[in-house]
Amino acid sequence: MTEPISPADSSRPGAAHPAGRRAVLSRTLAWQLGGLLLLLGTWWLVTDGLRLYPPYVFPSPSAVWAEISYGLWGTGPQDGKLMISVLGSLRRVLTGYALALLVGGGLGVLMGIWAPLRATLGAYLTGIQSVPSIAFVPFAILFFGLNERAVLAVVILEALIPVALAVSGALLNVPPALRVAGRTLGASGPALTLRVLLPAALPSVLGGLRTAWSFAWRALIGGELLIAGAGSLGEQLEVGRNTANVALVLATILIIGLIGGLFDALLRRTEARVRRDYGLEVNA
(Lines of atoms letter the chains of each structure in order from A and count residues from 1; the text may use other names and numbers.)
(Lines give C-alpha, C1' and ligand atoms only; values in the text may rest on other atoms or scores of the structure.)
Protein backbone atom coordinates (compact mmCIF):
# COMPACT_ATOMS: atom_id res chain seq x y z
CA MET A 1 0.00 0.00 0.00
CA THR A 2 1.10 3.54 -0.71
CA GLU A 3 1.83 5.49 2.43
CA PRO A 4 -0.07 8.77 2.78
CA ILE A 5 1.96 11.93 2.44
CA SER A 6 2.09 13.76 5.74
CA PRO A 7 1.77 17.56 5.96
CA ALA A 8 5.42 17.69 6.97
CA ASP A 9 6.42 15.87 3.79
CA SER A 10 4.32 18.14 1.58
CA SER A 11 5.95 21.21 3.09
CA ARG A 12 9.44 20.18 2.03
CA PRO A 13 11.01 22.40 -0.70
CA GLY A 14 11.37 19.51 -3.08
CA ALA A 15 7.69 18.64 -2.79
CA ALA A 16 6.43 21.98 -4.06
CA HIS A 17 3.71 21.64 -6.67
CA PRO A 18 4.49 22.78 -10.22
CA ALA A 19 1.45 25.06 -10.03
CA GLY A 20 3.15 26.92 -7.20
CA ARG A 21 6.26 27.45 -9.29
CA ARG A 22 4.17 28.72 -12.17
CA ALA A 23 2.42 31.13 -9.83
CA VAL A 24 5.76 32.52 -8.66
CA LEU A 25 6.95 32.91 -12.25
CA SER A 26 3.69 34.61 -13.20
CA ARG A 27 4.00 37.09 -10.35
CA THR A 28 7.61 37.82 -11.26
CA LEU A 29 6.66 38.37 -14.89
CA ALA A 30 3.79 40.62 -13.84
CA TRP A 31 6.10 42.77 -11.73
CA GLN A 32 8.64 43.00 -14.55
CA LEU A 33 5.97 43.91 -17.09
CA GLY A 34 4.51 46.47 -14.71
CA GLY A 35 7.92 48.05 -14.20
CA LEU A 36 8.45 48.21 -17.96
CA LEU A 37 5.08 49.87 -18.52
CA LEU A 38 5.80 52.38 -15.75
CA LEU A 39 9.17 53.21 -17.30
CA LEU A 40 7.69 53.64 -20.78
CA GLY A 41 4.83 55.72 -19.40
CA THR A 42 7.22 58.04 -17.59
CA TRP A 43 9.37 58.31 -20.70
CA TRP A 44 6.32 59.20 -22.82
CA LEU A 45 5.12 61.73 -20.25
CA VAL A 46 8.48 63.51 -20.17
CA THR A 47 8.88 63.62 -23.96
CA ASP A 48 5.47 63.63 -25.68
CA GLY A 49 3.24 64.60 -22.76
CA LEU A 50 4.98 67.45 -20.96
CA ARG A 51 7.63 68.04 -23.66
CA LEU A 52 10.26 68.88 -21.07
CA TYR A 53 13.05 68.33 -23.60
CA PRO A 54 13.23 68.96 -27.34
CA PRO A 55 13.21 65.81 -29.51
CA TYR A 56 16.82 66.28 -30.61
CA VAL A 57 17.91 66.12 -26.94
CA PHE A 58 15.60 63.42 -25.57
CA PRO A 59 13.52 61.64 -28.24
CA SER A 60 10.20 59.97 -27.55
CA PRO A 61 9.67 56.20 -27.32
CA SER A 62 8.01 56.25 -30.75
CA ALA A 63 11.07 57.89 -32.34
CA VAL A 64 13.40 55.33 -30.79
CA TRP A 65 11.12 52.48 -31.86
CA ALA A 66 11.16 53.86 -35.41
CA GLU A 67 14.96 53.69 -35.41
CA ILE A 68 14.85 50.12 -34.11
CA SER A 69 12.25 48.94 -36.63
CA TYR A 70 13.91 50.61 -39.60
CA GLY A 71 17.35 49.46 -38.48
CA LEU A 72 16.39 45.83 -37.89
CA TRP A 73 13.94 44.93 -40.62
CA GLY A 74 13.56 47.97 -42.87
CA THR A 75 13.86 47.55 -46.62
CA GLY A 76 15.11 50.99 -47.70
CA PRO A 77 18.67 51.69 -48.88
CA GLN A 78 19.65 53.00 -45.41
CA ASP A 79 17.55 50.51 -43.46
CA GLY A 80 18.62 47.22 -41.96
CA LYS A 81 21.98 48.51 -40.76
CA LEU A 82 21.22 47.77 -37.13
CA MET A 83 20.62 44.12 -37.98
CA ILE A 84 23.94 43.97 -39.83
CA SER A 85 25.62 45.58 -36.83
CA VAL A 86 23.99 43.15 -34.40
CA LEU A 87 25.17 40.15 -36.42
CA GLY A 88 28.68 41.58 -36.75
CA SER A 89 29.02 42.28 -33.04
CA LEU A 90 27.60 38.87 -32.11
CA ARG A 91 30.11 37.17 -34.40
CA ARG A 92 32.98 39.00 -32.74
CA VAL A 93 31.88 38.49 -29.16
CA LEU A 94 31.03 34.81 -29.62
CA THR A 95 34.39 34.18 -31.30
CA GLY A 96 36.26 35.94 -28.53
CA TYR A 97 34.17 34.30 -25.83
CA ALA A 98 34.75 30.81 -27.22
CA LEU A 99 38.51 31.36 -27.41
CA ALA A 100 38.49 32.77 -23.88
CA LEU A 101 36.70 29.66 -22.62
CA LEU A 102 39.33 27.41 -24.17
CA VAL A 103 42.38 29.36 -23.02
CA GLY A 104 40.95 30.48 -19.70
CA GLY A 105 39.64 27.02 -18.91
CA GLY A 106 43.05 25.49 -19.57
CA LEU A 107 44.82 28.08 -17.43
CA GLY A 108 42.27 27.59 -14.67
CA VAL A 109 42.83 23.84 -14.60
CA LEU A 110 46.60 24.31 -14.43
CA MET A 111 46.27 26.85 -11.62
CA GLY A 112 43.88 24.58 -9.78
CA ILE A 113 46.24 21.61 -9.73
CA TRP A 114 49.62 23.38 -9.49
CA ALA A 115 50.08 25.65 -6.48
CA PRO A 116 53.16 27.62 -7.73
CA LEU A 117 51.31 28.69 -10.89
CA ARG A 118 48.26 29.60 -8.84
CA ALA A 119 50.34 31.74 -6.48
CA THR A 120 51.99 33.67 -9.33
CA LEU A 121 49.72 33.79 -12.36
CA GLY A 122 46.58 33.87 -10.22
CA ALA A 123 47.77 37.00 -8.45
CA TYR A 124 48.65 38.67 -11.76
CA LEU A 125 45.27 37.86 -13.28
CA THR A 126 43.47 39.22 -10.24
CA GLY A 127 45.36 42.49 -10.60
CA ILE A 128 44.75 42.74 -14.34
CA GLN A 129 41.04 42.09 -13.80
CA SER A 130 40.76 45.37 -11.90
CA VAL A 131 41.88 47.35 -14.98
CA PRO A 132 38.93 48.63 -17.08
CA SER A 133 38.75 46.97 -20.48
CA ILE A 134 38.82 50.32 -22.28
CA ALA A 135 42.35 50.87 -20.94
CA PHE A 136 43.64 47.93 -23.00
CA VAL A 137 42.21 49.24 -26.28
CA PRO A 138 45.05 51.72 -27.05
CA PHE A 139 47.65 49.01 -26.45
CA ALA A 140 45.71 46.56 -28.62
CA ILE A 141 45.53 49.15 -31.42
CA LEU A 142 49.28 49.78 -31.25
CA PHE A 143 50.07 46.05 -31.13
CA PHE A 144 47.57 44.67 -33.67
CA GLY A 145 46.73 47.78 -35.66
CA LEU A 146 43.43 49.55 -36.19
CA ASN A 147 41.50 46.41 -37.11
CA GLU A 148 39.18 43.72 -35.80
CA ARG A 149 41.99 41.73 -34.21
CA ALA A 150 42.51 44.50 -31.68
CA VAL A 151 38.87 44.28 -30.59
CA LEU A 152 39.03 40.49 -30.36
CA ALA A 153 42.19 40.67 -28.26
CA VAL A 154 40.50 42.91 -25.70
CA VAL A 155 37.40 40.69 -25.63
CA ILE A 156 39.47 37.54 -25.13
CA LEU A 157 41.55 39.12 -22.38
CA GLU A 158 38.53 40.41 -20.47
CA ALA A 159 36.64 37.10 -20.67
CA LEU A 160 39.67 34.87 -20.14
CA ILE A 161 40.49 36.13 -16.64
CA PRO A 162 37.15 35.40 -14.90
CA VAL A 163 37.03 31.97 -16.56
CA ALA A 164 40.52 31.07 -15.36
CA LEU A 165 39.88 32.32 -11.83
CA ALA A 166 36.49 30.60 -11.65
CA VAL A 167 37.86 27.22 -12.79
CA SER A 168 40.83 27.46 -10.44
CA GLY A 169 38.69 28.43 -7.46
CA ALA A 170 36.08 25.78 -8.21
CA LEU A 171 38.71 23.04 -8.35
CA LEU A 172 40.11 24.13 -5.01
CA ASN A 173 36.65 24.02 -3.44
CA VAL A 174 35.89 20.44 -4.46
CA PRO A 175 35.19 18.50 -1.24
CA PRO A 176 38.21 16.43 -0.13
CA ALA A 177 35.96 13.39 0.19
CA LEU A 178 35.48 13.36 -3.59
CA ARG A 179 39.23 13.46 -4.14
CA VAL A 180 39.72 10.55 -1.76
CA ALA A 181 36.89 8.61 -3.40
CA GLY A 182 38.37 9.20 -6.84
CA ARG A 183 41.80 8.00 -5.79
CA THR A 184 40.27 4.99 -4.06
CA LEU A 185 38.59 4.03 -7.33
CA GLY A 186 41.91 4.25 -9.15
CA ALA A 187 41.81 7.77 -10.63
CA SER A 188 44.97 9.84 -10.43
CA GLY A 189 46.69 12.66 -12.26
CA PRO A 190 44.81 13.91 -15.35
CA ALA A 191 42.15 11.22 -14.96
CA LEU A 192 41.32 12.47 -11.46
CA THR A 193 41.04 16.04 -12.73
CA LEU A 194 38.96 15.26 -15.81
CA ARG A 195 36.67 12.57 -14.38
CA VAL A 196 36.24 13.69 -10.78
CA LEU A 197 37.31 17.25 -10.04
CA LEU A 198 36.01 19.09 -13.12
CA PRO A 199 32.53 17.50 -13.04
CA ALA A 200 32.28 18.29 -9.32
CA ALA A 201 33.39 21.88 -9.95
CA LEU A 202 30.98 22.51 -12.83
CA PRO A 203 28.24 24.34 -10.84
CA SER A 204 30.76 26.85 -9.49
CA VAL A 205 32.42 27.27 -12.89
CA LEU A 206 29.15 28.29 -14.54
CA GLY A 207 28.95 31.38 -12.34
CA GLY A 208 32.32 32.45 -13.71
CA LEU A 209 31.11 31.90 -17.26
CA ARG A 210 28.28 34.39 -16.69
CA THR A 211 30.75 36.93 -15.36
CA ALA A 212 33.02 36.29 -18.34
CA TRP A 213 30.13 36.90 -20.73
CA SER A 214 29.29 40.28 -19.20
CA PHE A 215 32.96 41.30 -19.29
CA ALA A 216 33.30 40.19 -22.91
CA TRP A 217 30.16 42.01 -24.05
CA ARG A 218 31.16 45.28 -22.39
CA ALA A 219 34.72 45.00 -23.70
CA LEU A 220 33.41 44.45 -27.23
CA ILE A 221 31.23 47.56 -27.23
CA GLY A 222 34.01 49.66 -25.72
CA GLY A 223 36.46 48.42 -28.32
CA GLU A 224 34.07 48.97 -31.20
CA LEU A 225 33.53 52.57 -30.09
CA LEU A 226 37.21 53.30 -30.64
CA ILE A 227 37.70 50.91 -33.56
CA ALA A 228 34.37 51.48 -35.26
CA GLY A 229 34.61 49.06 -38.14
CA ALA A 230 31.75 48.46 -40.53
CA GLY A 231 28.97 46.31 -39.19
CA SER A 232 29.25 46.86 -35.45
CA LEU A 233 27.04 48.25 -32.72
CA GLY A 234 29.88 50.53 -31.71
CA GLU A 235 29.79 51.98 -35.22
CA GLN A 236 26.07 52.71 -34.83
CA LEU A 237 26.75 54.58 -31.59
CA GLU A 238 29.41 56.62 -33.36
CA VAL A 239 27.11 57.34 -36.32
CA GLY A 240 24.42 58.51 -33.93
CA ARG A 241 26.86 60.77 -32.10
CA ASN A 242 28.36 62.25 -35.26
CA THR A 243 24.93 62.96 -36.78
CA ALA A 244 23.35 64.11 -33.48
CA ASN A 245 20.79 61.31 -33.86
CA VAL A 246 19.96 60.68 -30.21
CA ALA A 247 17.17 58.28 -31.20
CA LEU A 248 19.70 56.03 -32.95
CA VAL A 249 22.01 56.17 -29.93
CA LEU A 250 19.21 55.17 -27.55
CA ALA A 251 17.99 52.47 -29.93
CA THR A 252 21.47 50.97 -30.09
CA ILE A 253 21.85 51.14 -26.30
CA LEU A 254 18.54 49.32 -25.87
CA ILE A 255 19.60 46.59 -28.30
CA ILE A 256 22.95 46.21 -26.51
CA GLY A 257 21.18 45.83 -23.19
CA LEU A 258 18.62 43.40 -24.59
CA ILE A 259 21.25 41.13 -26.13
CA GLY A 260 23.37 41.17 -22.99
CA GLY A 261 20.35 40.43 -20.82
CA LEU A 262 19.15 37.56 -23.00
CA PHE A 263 22.51 35.81 -22.99
CA ASP A 264 22.86 36.33 -19.24
CA ALA A 265 19.38 34.87 -18.69
CA LEU A 266 20.30 31.85 -20.82
CA LEU A 267 23.49 31.24 -18.86
CA ARG A 268 21.68 31.82 -15.57
CA ARG A 269 19.02 29.30 -16.54
CA THR A 270 21.69 26.76 -17.50
CA GLU A 271 23.46 27.32 -14.19
CA ALA A 272 20.22 26.86 -12.24
CA ARG A 273 19.43 23.62 -14.07
CA VAL A 274 22.91 22.22 -13.41
CA ARG A 275 22.72 23.18 -9.74
CA ARG A 276 19.33 21.49 -9.51
CA ASP A 277 20.67 18.34 -11.15
CA TYR A 278 23.56 18.34 -8.66
CA GLY A 279 21.11 18.65 -5.78
CA LEU A 280 22.37 22.11 -4.81
CA GLU A 281 19.02 23.82 -5.46
CA VAL A 282 15.39 22.81 -5.65
CA ASN A 283 12.71 24.09 -8.02
CA ALA A 284 15.35 25.83 -10.17
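Each Cβ is built from the backbone N, Cα and C atoms, and glycine gets one as well.
Just so you know, TrEMBL annotations never went through curation; they're auto-generated.
Features as listed in TrEMBL:
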{"type": "TRANSMEM", "residues": "29-46", "note": "transmembrane segment"}
{"type": "DOMAIN", "residues": "86-267", "note": "domain 'ABC transmembrane type-1'"}
{"type": "TRANSMEM", "residues": "94-115", "note": "transmembrane segment"}
{"type": "TRANSMEM", "residues": "121-144", "note": "transmembrane segment"}
{"type": "TRANSMEM", "residues": "151-172", "note": "transmembrane segment"}
{"type": "TRANSMEM", "residues": "192-209", "note": "transmembrane segment"}
{"type": "TRANSMEM", "residues": "216-234", "note": "transmembrane segment"}
{"type": "TRANSMEM", "residues": "246-267", "note": "transmembrane segment"}
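When Cβ-Cβ distances below 8 Å are used as the criterion, the transmembrane segment (246-267) is approached by residues 56-59, 63-68, 71, 82, 85-86, 90, 206, 209-210, 213-214, 217, 221, 233, 236-237, 239-240 of the same chain, each at least six residues removed from its ends. Tertiary proximity for the transmembrane segment (94-115) is limited to same-chain residues at least six positions away from its ends with a CB under 8 Å from its CB atoms, namely 121-122, 151-152, 155-172, 193, 197-198, 201, 209, 212-213, 216, 220. Count of Cβ pairs under 8 Å against the transmembrane segment (151-172): among 29-46, 192-209, 216-234, the largest is for 192-209.
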